[in-house]
Structures are given as C-alpha cells and as structure tokens.
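Undergrad: Taken from TrEMBL, the feature signal peptide applies to 1-22. The transmembrane segment annotation in TrEMBL covers 126-149, 161-183, 195-213, 225-244, 250-270, 282-298, 310-328.
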Amino acid sequence: MLNSCVCAFLMVLSWSVEVIDASAGDADPRYRDCVRHCQETGCVGQKRCFPNCKFSSDGELIDRPWYMQQEPLYLQWKKWDCQSDCRYYCMLDREKERESHNLAPVKYYGKWPFRRIYGMQEPASVAFSALNLAMHFHGWVSFFILIYYKLPLKDGKKAYYEYAGLWHVYALLSLSSWFWSAVFHSRDVDLTEKLDYSSAIVLLGYSLILAILRTFSIRDEATRVMVAAPLIAFVTTHVMYINFYKLDYGWNMIVCVVMAVAQLTIWAVWASLSTHPSRWKLWLVVFAGGLAMLLEIYDFPPYEGVLDAHALWHATTIPLTYIWWSFIRDDAMFRTSNLVKKSK
C-alpha cells in the first residue's frame, strides 16, 4: 500500500514536470546561448571542453545516448552525452551568476539545479530510494523467517497463512520498483524513465489486487483468478501502450491515481470495520504518508545542490515501510493463530 502511494504521487509529479514546455531556467536567453555555443564548439567557456562532443568531418555533432556507446555499460555509467553535459555545466555557470546577484535558484526543464555526485543526477533521491529498497528487503526476509521458521506449518511444510505467496510476489515487485526508482533518479533518460514507470505501474496494479484479496478474505484459487485476471490484463495492456505506442503522461496519471486511491480506500474501510489487532498500523501509514506528501507541496531548491523536498519525502517512506511490513507480519501471526485454533 505504501509503495502505491509513493508510485502514484511520483507519476503525478513527473507528469506535471513533463507538461511544462519550459521552466524559468531553460527559458533564460543567456542559458540558451550557452547551450547553443557548447553544442557548436564542444566547450563551455574557455577551459571546460567535453571529449564526448564529437563532430564529423562536415561539422555535424555526433551525439549518441550514453547507453548506446561502444564502451561497456559499467564504464559509461558516469559519463553523459554532449547535450546533457552542455546543459548541466551551462546551468551551473548560470546559477553562479544568479547567486552573485542574490537571485534564487530556478528550475531547468522542470527540475531544480542538482549537483552530480559520481555521475548521479539526484544523489539524495538515489540514496533514499536505495534505503527504501533495503528496507523492503529486510521486511521480506523477516516475513519469510517468521512464516517458515517461527510459525507452525501444515504437515511441517506449507504455511497456514493463506496470503504468504501473495506477499512474496509483492516484495519482489517492490524491490524492482525501488531499484528502478534509484536508477531513474541517477540518470533521467527515456530508457530509465520507461523502466521506472513500468515497474511502478505493475506494483500499483498488483497492490490493488492484493488489497482486494486480503480485505475481502478471498482464499479460493478460482475466485482469486477471476478477480485478478481483468486487472492483470488491464495493467499489461497499459504497460505495453506507454512503452511501445505512446507515453501519454496525462492518461498514465489518471490510471495510477485511480488504482492508488482505490486500494487506499479499500484498506481504510477495512481498517475501520475490522477488529484486527494491528489495524492502527494501517491508519498510521495512511495518515503519516499523507502528511509526508506535504513535502512535495512545499517544494524548495536543493540544499547545497543535493537535498530537496522530494528527497526528504523519499526519506520519510523508509520508517513507514518498516511499519507496513510490521503490519504484514502481524497479520500473518494473527491469521495463523486463528487457523491453528480452528484446526485443533
């Protein structure tokens, strides 16, 4: 559920960025002149030139994406193409000029002026995405140990908890989503964007299926298939649409928000009606996650070019992820205890 809130809001945020044709920074004539000069000469100023700005014999720029270069990917990761380097260093120079005139930072192409660290475009967001990934891995491992080593098993092999397999799949999809989130914040290009979007959408769709199956206590396999099949078909079609036909940010936003709101509503209603001993953890995740999103509303330039509101929001999801997996473990213990009592 927590990942669904995060992913949906990321979709909304990224869509709002994409529909902006020009931010104040990249609309600045001085910045545009700098980028144009750099792409014509391969240099910013007199001393900073880029070896990746290669020109043909007729003076045309040969500028291929970083992931299409001849060198191995692990060597290319810290390198950028000519256009990206020109934009980045012109942005740094322009921001220094603005700072010397006591002017506040402005956005470029919908993003604040971040400073690269080891080739990473938004280092703080990368770090917090990685920590979220680690927290999900920790939650999954602790859940696995609880299910198969601490709680009683049927005939010594199969778990009593009917939703164990579903949560294992959820964990794998969460790990994938946060991994590609870290990659996307590290390098924002078409390839990483589609991978990030696709993994987030798949997680959203699966989380909705899981919310329905758990809250309505659907344990029959045939019924589960009937519930999941149309949602799986829709998510698969949507992923193929944005990857191979058109990455429509407006439509993608609608799809993600609808799925996220639907599952949040399902969990919230269930928490209100249920007598589950750990339902308060659901409420905590919902309300704390909502408050954390205020960081996105109160947007501010990155401190020292690294830490911005979006990165801090990623940081707040780390403890909430721990609480969410704590609820999942509690649910496993609660259901197992009831089922063991009935079997006696």
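Cβ coordinates come from backbone N, Cα and C, glycine included.
In TrEMBL, annotation is done automatically, which means it is predicted and not curated.
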Undergrad: Considering only Cβ pairs under 8 Å, which range in 161-183, 195-213, 250-270 makes the most contacts with the transmembrane segment (225-244)?
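TA: Maximum Cβ contact count belongs to 195-213.
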Undergrad: Between the transmembrane segment (310-328) and the stretches 126-149, 161-183, 195-213, work out which stretch tops the count of Cβ pairs under 8 Å.
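TA: By the under-8 Å Cβ criterion, the transmembrane segment (310-328) pairs most with 126-149.
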Undergrad: Sequence-remote contacts (6 or more beyond its ends) of the transmembrane segment (126-149), Cβ cut-off under 8 Å?
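TA: Apart from its flanks, the transmembrane segment (126-149) reaches 3, 120, 159, 161, 164, 167-168, 171, 174-175, 178-179, 181-182, 185-186, 311, 314-315, 317-318, 321-322, 324-326, 328-329, 332-333.
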